[in-house]
Amino acid sequence: MIVSLRCCLLLVALLITVETAIMSKRDIVCSVSGDVACNLECELLHKKKGSCDENGACTCFNKKRETE
């Protein structure tokens, strides 16, 4: 009983860790590699341009982005 409870808790902790890593993946891209990696990821996955915003998150946008 105790062993199965430990396994269950370990599995839940692992799932939470993996989910957190997936949810924050874009933030990791910007903090580690910057705009170049963000732009490459957006180009490959979404056929769009990308850049890191002021919050450090990778943001994808259409290639014909207007600059102000």
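Keep in mind that glycine also has a Cβ here, set from the backbone N, Cα and C atoms.
For reference, Swiss-Prot has these:
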- C30-C52: disulfide bond (DISULFID)
- C38-C58: disulfide bond (DISULFID)
- C42-C60: disulfide bond (DISULFID)
- 1-20: signal peptide (SIGNAL)
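If you draw a 10 Å sphere around the CB of C60 (disulfide bond), it holds 17 other CB atoms from the protein chains shown. Just so you know, the Cβ of C30 (disulfide bond) picks up 21 other Cβ atoms within 10 Å once every protein chain is counted.
DSSP assigns C38 (disulfide bond) to a helix in the three-state reduction.
Taking Cα separation as the measure, C42 (disulfide bond) is nearest to C58 of the disulfide-bonded residues C30, C52, C58. Just so you know, the Cβ of C52 (disulfide bond) picks up 21 other Cβ atoms within 10 Å once every protein chain is counted.
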